[in-house]
Amino acid sequence: MKILPDILLESYRNQPGIDFKAALQRLDETFVRSDSFNFYTSIAVITSSKIEGEPMEIDSYLKHKIQHIEYLPELTQKPNDLFRAYIYAKENRLSEAHFCEARGILTAHLLPGHWRGIYRRNAMVVMEHKSGRIQFEAAPAHLLAAEMAKLWEDIGELLRRDLSLEETFYYASFIHLLFVCIHPFNDGNGRAGRLLEKWFLSDKLGPVAWYVQSEQYYYQHVDAYYRNLNRLGMFYEQLDFMKAEPFLRMLPEALNN
């Protein structure tokens, strides 16, 4: 592996209270209706969007998607772009090329066309949107191409491997974490990182992964979400991934919730 560490994997395997197989079985038995994907993806999309400061309320977005109630375009455009990106991900296997396509979809109303899917050329600080506090400084622009190449090489290797459930969730969380720490694009990185996490899960576990309400859990625990990101340090080149365990635990907690 080039960039995704396994330093916490043994500790992760031994964490108490999480029965991955039983929790996934419960999900599989619960979400059997044909319209379940649209409903729970609507929740995932609006909660992921609200982490980034989008103003639309959760119940209003559900009315918009399920009951087809119209709202002002400035409220619905960016969440709807993200919804279309989730649909695209559900219909396509995870790859760098497909992820770039999804990135273009989800940033349709975030970035001008010439910046969609293009690595930023400037320094980037990551801020918590509710408070405006700086959380950490993302990877320097001159490192982006190399760091992302290593990340995609590791993702490809993991997709080819047979992984246990524990390994699958561990690496899904670490992919999310590392992508957000790199923060390769000018905008939409948080939404894209949470989609990438779930997309990896779906490629390894099948359709049941789309019903893991990770985005809603992160939104409900947004202070812990940012605090756990911030534990690693302020500067990308000095991040201490030995401190990543609280962040990695959030995905299985979402599954178990």
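Start at 1 and count along the chain as shown; that gives each residue its number.
From the backbone N, Cα and C atoms, a Cβ is placed for every residue, glycine too.
Cβ environment of H183 (active site): R120, M124, V126, A138, A139, N189 lie under 8 Å away, each six or more residues apart in the same chain. DSSP assigns H183 (active site) to coil in the three-state reduction, placing it in neither a helix nor a strand. TrEMBL lists H183 with the feature active site.
Under the heading ATP binding site, TrEMBL lists D187, G188, N189, G190, R191, A192, G193, R194, Y218, Y219. Non-local neighbourhood of G193 (ATP binding site): H176, L177, F179, V180, each in the same chain, at least six residues away, with C-beta under 8 Å from its C-beta. For the recorded site, G193 (ATP binding site), the DSSP three-state label reads helix.
For the domain 'Fido' (94-244), the model's average pLDDT works out to 94. Annotation comment: TrEMBL describes 94-244 as domain 'Fido'.
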> Max Cα distance spanning D187, G188, N189, G190, R191, A192, G193, R194, Y218, Y219 (ATP binders), Å?
Replying inline: 19
>> At 10 angstroms around each C-beta, which of the binding-site residues D187, N189, R191 has the fewest other C-beta atoms nearby?
In response: D187
> What is the total of other Cβ atoms whose distance to the Cβ of Y218 (ATP binding site) is within 10 Å?
Replying inline: 24
